[in-house]
Every structure is written in C-alpha cells, then in structure tokens.
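Written below as structure tokens is the structure these notes are about.
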RNA sequence: GCCGGCAUGGUGAAAUGGCAUACACGGCAGACUCAAAAUCUGCUGCCCGCGAGGGCGUGUGGGUUCAAGUCCCACUGCCGGCACCA
C-alpha cells in the first residue's frame, strides 16, 4: 500500500489554487447581503523567529469555516496581511545598521511562504502591509481626520521612559515596571506627546459592547478598562480662602463621615493653601512624589504616605472643619484630583487615617447592625447599608441617600451628579524611527498645521543612525534637511513633527483596507465597505482585549461619524483562540527549549496533518499543550483515509446501518463546523472512517460525501480524493453534502433501567414508545424482577427513548 | 487585594439535568514477520471477588432533584486581567 504522498499532493494543489486564483473574492451583486461573509484573522507581526504554531491555530479555524461557507453558497472575504511597523525590526537596525524595511520584508516573505505552506484559502491579491507607504498614506490620512475633528492634540505629559534604551515606551512595553526589552526599571519623564481623545468615545465604547457577540470576559475587560463610575462632585469651602475645593466621590452618602481631605501632590491649589509652617514639608513631599515612577507610586507603595498642608476645609453638610492633606494615593489624572476621605467606609482612607491618627466616624450601619455608633468602628466597611450619624438623613438606605444628598447639594449649588471614567486619552506618539510619521508641521506663525491630504504619504526619510537620540526626540529629529520645511498654510519656515505613530495605528483599520487594497483615491471605496462590512467573524488571541480591540473600535466609530463607514462597530463576532503550550505544559519560549516549529511539522507530516491536529487538540478557545504523539495519531487518521481511497470505489448500495451513520456524520460535522466545534467534528469523521475501514470495497455514495466533509479540514487531501473520484473542478466549489433528518434517528433505542438511580439493566424499545409502556417493559427486563421482588415501588420515572428509573423502598 | 476563566482516566479530551470517560494518544495481549518497524484485531477508570457480581468514582465539603460533570452555596488549586480610579 502506497503511503499518503502528502508532499506531492500539497505542492500540487497549492500551485493549482494560485494559478486558478481559486479563492479570489469578488464583489458579486448576485449574492444577497445575507449570503456574504467577512471572516478575518488577526494579522501577524512578522517577527524574525518565523511563524509560531499558535498562528496556524486561529488561521486554520477560520480557513475551515470559510471553506465550509463557500461550499454552502456564501461569497466569502478572507484576507491576510502584515502588521509591519514595530520595535523588533528597529532594535535589530540599531544593533546591525540593517534598514528596518529590509528586515521587515525578509520576514514578511518568510511568513507568507510559511502561511501559504498550510494551504489557507486567503485571497492574496488583497494582502496589505502596514509599513508600505501606499498603506500608511491612509493611516496618516485618518490621523488628519482625527486631528481636524479635534480628536488628536498635543500635550506635555509624563510617560514611561527607559533610561537604558533612551526612549519612551508604550504601556504594553512595560512589564511589572520594567522595560520589556532590556529589563531596566522604567522612570517617568515629561515630554511633548501626541494624544488621541479616545475618552470622548468612552460612553459609546462602553454602551455598544452590548451589541457585540464577543466572549463575555473580553467585554468585561473592556468595561473595566473604560471604568465608568457614577457619583457626585461636591464643593468644599476652604477656611480662610476664597478658593473652593471640588472633589469627586461615588459615595456622597458618606459625606457626614468625611474627616479629612486629600489632594494629589500635583493639585493646583496646593501652593496657595499651604501654610508657611507646612511649606517645607509639603514641597519636600511634592518633590519626592515627582521623582517616583508609576510603579513606586502604585504597585510597590501600598504603604500610605502624605503630609498635612495646614489648611482646613468646611464640610458643607455639617460645617465641620477638616484638615487638608496631600498624598500620592490620590491621582491628579482622575476625577478632580482631590477627595474627601471617609476612613470608616473606604479601605484606602482607613489605612491613611490609621497611619496618621485621623478621626474615623461611622456613617453607614451594616444591614442588621444595631450600634452603638458613637465610637470608632473596629473595621472598615465598604458595602451598602443604613445611614447613621448623618443628621436628618439617618435611617436612609445607601442608594436612596445618594439620590437625596445629590439633590440636596444641587439645590444649594455646591455639588452635582457626575460620571468619571478610568479610561485615559491614548498616548499616540513614539520617539522612534520605524513608524508612520505624524503628518503635521510646527509653524512659528500658524502653530500646528496639518499637511494637505494630497501631499500624503509623508514617507520616512533615510537616516544614518536608527538609535534614539536620548533627548526624547526620535531619530528623525537629527535629519535637519527633512525637519526643516515650509508651512503649507503661510509658506513660512516650519519644522516637521518628528514623533511617529505607535504600532497599533496600522492595525486600527487594516480590515478596511482589505476591502479595496489598491485604491489610490480613498482608504476604501464606500460601495465595497457596504458590500462586505461589518466583519462577521474575527478570530485572534485574547492578549489584544483592551488594546487593539479598543483602539480599532474607537477609530471605526470616528470613521462612522464622518460618514465613511456603514456600521458603528467593526467586528460583530469575536472568538479568541486558546494558547498552544509546549509539550511540558509551559508557555512556548526559546529559553525553555519547548518551541515547535511549524515548518518541521509540515515537512515531516504535511500541512493537512498539522491543520487537523491543531483542530483536534481540543476546543478552539482553550489553551492546550502540544503533543507530538497526538499529532502522529492524526497523521495515521489521514493515512487511513488515503488507504481507503486506494480501495475499490463501487457503485453499489450501502448497508442501511452505514447509511444511517453517514447521515448522522453529515449532520454532526455540519453543525460542529458551523459552530467552530472542530474537535468533535473530527472525532465523528474518525468514527465514520473506522466504519468504512471494515469494508473491502466502498460504495461511492458512502465515500463522496465523506470526501466533501473532510475537504475544509484537510484541503489538499480533499482535492486529491475529489479528483480521484473523477471530478475536474476544485472540491472547494462543490456543494456541501446534505443529510436526511429521518435517517439520523434510530428506530430502536436502548433503554436504561435504573433502581434508585443506579443502572441495573437495559433493553431495546422502538423509538417513541410511550412512557407507560416503557415502565411495563422495564419490569420485565433482565434481573429487574429480582431487584423489585418484595420491594415497594414508590415511583417509576420514564423518559422517552432514554430510561426508566424505579424508586423503591425496603 | 479586586474581577474573570478553568479543574473529568496514565495523557489530549467527549457528554440538550438521564448509561461518565465518545474520539485520539499511551499501555497490555494477539495476528502478520526469521526478526523488527509499519499495519491490523482485542482489552484497558479505581477497589473487592476465582467467578457471577458488587462497591467507589468528574478538585474538596455541603445542598436541590427520582436522577448532578452539568443547577445552587461554601472552599481549594492553577491560569489570565486589573491594581490606590475615591
């Protein structure tokens, strides 16, 4: 018996698909909207390490699904491209002097070859690369639209700075307070930055999550990241000053329990309210806080610090004079940068009050708590309850008190309802070379001036050194002839922006460029957007939950508001594939030496084996360890199918039993493929092929549908077997097999007989036998009369086609 | 600390509240072979028993139910996210 010649077959069909452009997607109006599907993979960053076994997992899943959809009469858009700007290529350039574009395109070519070797049905004519000027021209163009809408602005703000790499780092490049690349401790540095006003969309980004068919944990992560909170602002008078102090609280009902105030060290009121005797201490504290990194201020420094300013605020509800402190546990960037401290009902305030011996007054009684409430409580209580020590509000439940006190404050003009978000504006600039140049100039007369859209792309100039300057400017700043330019508005001298965009920029909208990748006039023609969008299924890793997936939702909404997109959400359904771990159940990494290279698998076992194995490992969404033994099992499965195809395929009727199994198999594989439950679809195909293996010759009617079922999973094998059956057209154009529902049901059912819930016997009965009759049959069943002898039957439960359970006593 | 996810044989894993362990790997036995590999067939949760058979079993402890891997409550462990957001 000839071994399955996967090398020849895979090469042959990949070549054929390319020559025939089998998977080219065309905007054919004959397909109604509901027969079109846009199935998207998260495109890869082409690293120097080559494709990882994790990449093909999601790609295989979408590929099987796309092939399944095409066979079911759908017009499918399934593109692939490369996220090509980014740090690794630039860092390599710094070390070796190789232009990042050279490294990047070498890696892209390798990735493309690797991806193609797995036989995915992408429409490669739509490939996009984010570092291509023809692509980033439109990234810059979208930036200009954001700028014109006032959604991109310049600001001085503290950022994460790596003193060793001499560059700013994005939040995602900081791991536990250290530079992800070199391990140096990150410090804060104030430099000029471009920032995108994502906060303007906070509420819509939150609300619209409800429309999306995404995994709940991902939606929850976005909700938490956006962090909407509802409360009130309250204005406190400052004793002896005209200025007032505004604070934000989610618990206005605890106002009577405020025993001190805390300002962030950066709060603008601090200098003016600090008393002379406290000035030295306050200034020392401010300097100390400023020198701390974010890590020191948050992660490591749960220990509260702070100093008294010498000033007092007046509590508007009871006139109490309460001290104003400063502490870095209050953040200048959230709310009003100032709080009222209620130590009895906030654990942070509790810790602070305990440390500095500040008074603690209980104002909320736990449900059922009876008091007395005139002494300092033994512990902090943050839950809801009944108001105490709150004058005329005593006895009110928390929720009601909140409403009443907010109205009370509003009437007096000293407070109002307020909403805050944890989400911050998006720090959008990098002091890096390998990114999209930000298309604006700084003019002495006109200020910041956007480049005219016709002048785009603003391409990256060549530089001698890719190394960061260390001054907080990108390497672009060193090219005087590039930096010096003229103002598009007044024609006077101007300097180009030298910051570049972060890696996330290109991926914010790539799914739109796939729709019309070569359009020189627009990022995508509106008719093509209307034809395909929104994305029906988006598959990728969960690590992008709050970064790419939030950023691209933001950009998409902006485009929608500009009338440039047809929906206000880009990705209707999201599925996260689980991680593939090493054989040792650890994350794959070079240092652990447990990395599996897909090239080796394809070379030794074939692409189809790789594909089917990755889908057979377990559910798509969960993490699972790689197992070479498991891979071999799948390889044997495909070998057996090949061996079956070498047997005589005859035009004879199949047995009724086989026919039933065939229809059950078609049903299960159809449903499981449609719902992405590929592992159970594969095991059903194994069951069916094991049955076929018992036959010396195989009825054509039993074989052909099976070839069609396996084709999306093992497409090369599928094509070859289909051709062996005499078909000349690609199996991907064939119609998916149908099943007869009646044949998927058994006429005879095995009925289980239980005594007190334990299985004691079994018998067969015609499907649909009435429950009363099942009970009668069960009484006669083998051994059951012995079990029932001399016992009282309290109850007999019968479930049609399933079981009879006798509940007995004695 | 807070939020979320997961936990089933030696292993990867199946299971609309209705026979737990389908399918695959591994293991054992057998067939083929001079032999081995490959391939094929059978067996394979644990305990007691010669056997018939019985008992126990889905991280732990409770509960609901005629019936729980599945539903509820409490806990443990692992993985992920957030981390002074007032």
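Note: Cβ is positioned from N, Cα and C throughout, glycine not excepted.
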(message) If you look at how TrEMBL annotates this chain, which of A:577-581, A:582-586, A:587-591, A:592-596 comes out as motif ''KMSKS' region'?
(response) A:587-591
(message) Using DSSP, what is the helix/strand/coil residue split across the motif ''KMSKS' region' (A:587-591)?
(response) 0 helix, 0 strand, 5 coil
(request) Counting only CB pairs under 8 A, let me know which of A:12-220, A:223-410, A:423-613 has the most with the domain 'Methionyl/Valyl/Leucyl/Isoleucyl-tRNA synthetase anticodon-binding' (A:659-769). (result) A:12-220
(request) Mind tallying the domain 'Methionyl/Valyl/Leucyl/Isoleucyl-tRNA synthetase anticodon-binding' (A:659-769) by DSSP state, helix then strand then coil? (result) 59 helix, 20 strand, 32 coil
(request) May I ask for the residues of the chain that lie six or more residues beyond the motif ''KMSKS' region' (A:587-591) and have a Cβ under 8 Å from a Cβ within it? (result) 49, 52-54, 579-581, 626
(request) Return the residues near residue A:590 (ATP binding site), defined as same-chain residues 6+ apart in sequence whose C-beta is under 8 angstroms from its C-beta, sorted by sequence, else 'none'. (result) A:49
